[in-house]
């Protein structure tokens, strides 16, 4: 395996490492700073603002800095944020650290996805995103072990800071290597009449209907994924009478099905074809969401796992297809897609909470079905919009 591909895999692991740590650290952190539960919202908003800002600007940053330098700078920001979490004495500085972490994460997410989509096959892009799941699982384990061993939430962030410092150094040393194109991605290979085209400006990208279709697809995909992940435990325990331990296992199995699905379906994507796999995946996500919505405990759990397997390849495979679909608009489009996903992951679960408070927890399943129907319809529209330019190209 090429060293640069290995480094990219490690990069995706590192991207997931800090994401779920706050869930472990928050009870101790809140006690240390004498905060109400609602204060977590300020930290999440700060992180989200940073993530969204750097994601939107990622295309321009890639043009100015190059992918290698952007990854080195971005991982450096995350390193600073992790050490900041570990050492800051006051709450406002912690929010500032969240903003810095969001800036770094949004840029490294967009930069890595842009590079992977343009240089690696859909199989590797799926496996790269499976590595993100590994990082998201390892982060809380590291934080929990540090908390149990030392009694302080700060040591978990200090360990993550040290890991990110090593990765920052590796990116800095390898930044020139990211200028090379070791292997065309699957999406690039399938593009008709491929030729070297200079990257487009952000405004030009936003004038493309296919860019907006992809933005909408990523918004709904991430919103659906997070809605099922965040609300399934509550639905099962409070509305369906499932034991806490069982509901926790099912919630964990849902996230595991996404990670495992990316590994297994990554093996199949080159044989099946990216677009065909995406069509099958959106249908599976719809069927799984519907079964979760209408089913009692065990059938609902089966639907949750089916939805997870269906969702598994969608994000990475869509990323891998972006160069073929959008060509010179790719760098900007990927930044927009990452930011749209972040917004969807915040808005749809929030709508679920609003509906659950006014209608009841059964509204969560209905929302999931509506989102999965929208996801399927938008992806079909995206396929149709993609085929039209191809047909025009072949008729010339």
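The chain as shown is numbered from 1 upward.
Cβ coordinates come from backbone N, Cα and C, glycine included.
Here TrEMBL flags 4-383 as domain 'Major facilitator superfamily (MFS) profile'. As a whole-number mean, the pLDDT of the domain 'Major facilitator superfamily (MFS) profile' (4-383) in this prediction is 86.
Per TrEMBL, transmembrane segment is recorded for 39-58 (among others). Within the chain, the transmembrane segment (39-58) has long-range Cβ neighbours (under 8 A, six or more residues past its boundaries) at 22, 26, 30, 33, 70, 74, 91, 94-96, 98-107, 109-111, 114, 331-332, 334-336, 338-339, 342-343, 346.
Look at TrEMBL and you will find 70-87 (among others) tagged as transmembrane segment. Below 8 angstroms of C-beta separation, residues 11, 14, 18, 25, 54, 58, 61-62, 93-94, 96-98, 100-101, 103-105, 107-108, 111-112, 154-155, 157-158, 160-161, 164-165, 167-168, 171-172, 175, 178 of the same chain, each at least six residues beyond the ends of the transmembrane segment (70-87), sit close to that stretch.
Look at TrEMBL and you will find 93-115 (among others) tagged as transmembrane segment. Long-range contacts of the transmembrane segment (93-115) within its own chain (CB-CB distance under 8 A, at least 6 residues past either end) are made by residues 8, 11-12, 14-15, 18-19, 29, 33, 42-44, 46-55, 57-59, 61-62, 67, 70-71, 73-78, 80-82, 84-85, 128, 178, 319, 330-331, 334-335, 337-339, 342.
Annotation source TrEMBL lists transmembrane segment at 127-149 (among others). Non-local neighbours of the transmembrane segment (127-149) in the same chain are 8-10, 12-21, 23-25, 28, 112, 116, 120, 155-160, 255, 258-260, 262-263, 266, 315-316, 319; each lies 6+ residues outside the stretch with a CB under 8 Å from one of its CB atoms.
Residues annotated as transmembrane segment in TrEMBL: 155-174 (among others).
Feature annotation from TrEMBL assigns transmembrane segment to 211-235 (among others).
For 247-265 (among others), the entry in TrEMBL reads transmembrane segment.
Here TrEMBL flags 277-295 (among others) as transmembrane segment. Packing against the transmembrane segment (277-295) from elsewhere in the chain are residues 224, 228, 232, 265, 268-269, 302-314, 317-318, 321, 362, 364-366, 368-369, 371-373, 375-376, 379-380, 383: each is 6 or more residues past its ends and has a CB under 8 Å from a CB in it.
Beyond the transmembrane segment (301-318), the same-chain residues lying 6 or more positions past its ends with a Cβ under 8 Å from any Cβ of the stretch are 122, 125-126, 128-129, 214, 217-218, 221-222, 224-225, 228, 232, 236, 250, 253-262, 265-266, 269, 274, 277-278, 280-293, 295, 337, 341, 368, 372, 375. The feature transmembrane segment is assigned by TrEMBL to 301-318 (among others).
Taken from TrEMBL, the feature transmembrane segment applies to 330-349 (among others).
Among the features that TrEMBL reports, transmembrane segment is placed at 355-378 (among others).
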